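Colleague: Dumping what Swiss-Prot says about this protein:
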BINDING   CYS85, CYS90, CYS96, SER325  [4Fe-4S] cluster 1 binding site
DOMAIN    97-314  domain 'Radical SAM core'
BINDING   CYS111, CYS115, CYS118  [4Fe-4S] cluster 2 binding site
Amino acid sequence: MTTDAVQTMIPTLDITERPAPAPRAKVEAGVKLRGAEKVARIPVKIIPTTELPKKPDWIRVRIPVSPEVDRIKALLRKHKLHSVCEEASCPNLGECFSGGTATFMIMGDICTRRCPFCDVGHGRPKPLDVNEPESLAIAIADLKLKYVVITSVDRDDLRDGGAQHFADCIREIRKLSPNVMLETLVPDYRGRMDVALEITAAEPPDVFNHNLETVPRLYKAARPGSDYQWSLTLLQKFKQMMPHIPTKSGLMLGLGETDEEVIEVMKRMREHDIDMLTLGQYLQPSRSHLPVQRFVHPDTFAWFAEEGYKMGFKNVASGPLVRSSYHADEQAKLVKASLVS
């Protein structure tokens, strides 16, 4: 599809490979690095953007101010929980919180990776909070939620990548809220896939989600420390172990990919038995993050959705403000019903 007429192009920022940085003292556990500090030691050099691009008319986000937003934030603080909605500066925070839903981020708010598209802080995480599974379960019961998404920071410091902590959270949640549907948005479990999947299969979610994030050509710049094929294999292996559970993945558009590359990744997803797809616009969190290379028009997102359904995806959520957990409850119900029938 020719998209010149439906995209606002942004000049490419110089992202160049650089030599490995000199060793330095370890960051103290619990110290969160963000922005320029976070991306200072990744394999590519990111030159800070002098001026953030003007967003087109189709990207307008209301300020998340309402009693329900305040109530959920207060509850999260009470139980010492984190939401990815806040940590990753999600544009749908107001809509989701106002609707009484949230995506919970477990295992702390400090990530062991330095992905330069992401607004979550980097550093040396503190030890896992053994009370978090119970606290999360109580919060979900208090909110009377029917559908919950659980995600996490990357925890490369843990032998199982945090898989057992996910399982513990699922078990505790189902004790207090047996009818709730649970979606997990997991890290890639780098170097520990098999043990992580064995743990996951013993306490499975209702939807298993892991995002590819971008096309393989851009992995070195956007996902340092991650591997495109590894992520595809993780999703496929889970599906082989638990064929009745939907698998899900997503891409951010606007990092410099072409439409043809997006279509190719979608084809690869289907070859790896992925059931559900999300496509959304990348929005640069700060001047120190990867720059937006284009704003994809809603018509192009609609075209991707059409192509996705032709390929056999059971659900495609594709739009400028779509994120992994956006209207996830509605999508999951449709897909679960189709897998059962």
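Glycine is treated like the rest: Cβ placed from N, Cα and C.
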Colleague: Are there residues of the same chain, six or more positions away from CYS111 ([4Fe-4S] cluster 2 binding site), whose CB falls under 8 angstroms from its CB, and which are they?
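Modeller: Expected: CYS118, VAL120, GLY121, HIS122, GLY123, PRO125, VAL153, ASP154.
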Colleague: Taking only the Cα atoms, work out how far SER325 ([4Fe-4S] cluster 1 binding site) lies from CYS115 ([4Fe-4S] cluster 2 binding site), in Å, as a whole number.
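Modeller: Pair distance, Cα basis, whole Å: 20 Å.
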Colleague: List nothing but the one residue from CYS115, CYS118 whose Cβ has the fewest other Cβ atoms within 10 Å; the candidates are the binding-site residues.
Modeller: CYS115
Colleague: Average pLDDT across the domain 'Radical SAM core' (97-314)?
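Modeller: Mean model confidence (pLDDT) across the domain 'Radical SAM core' (97-314) is 93.
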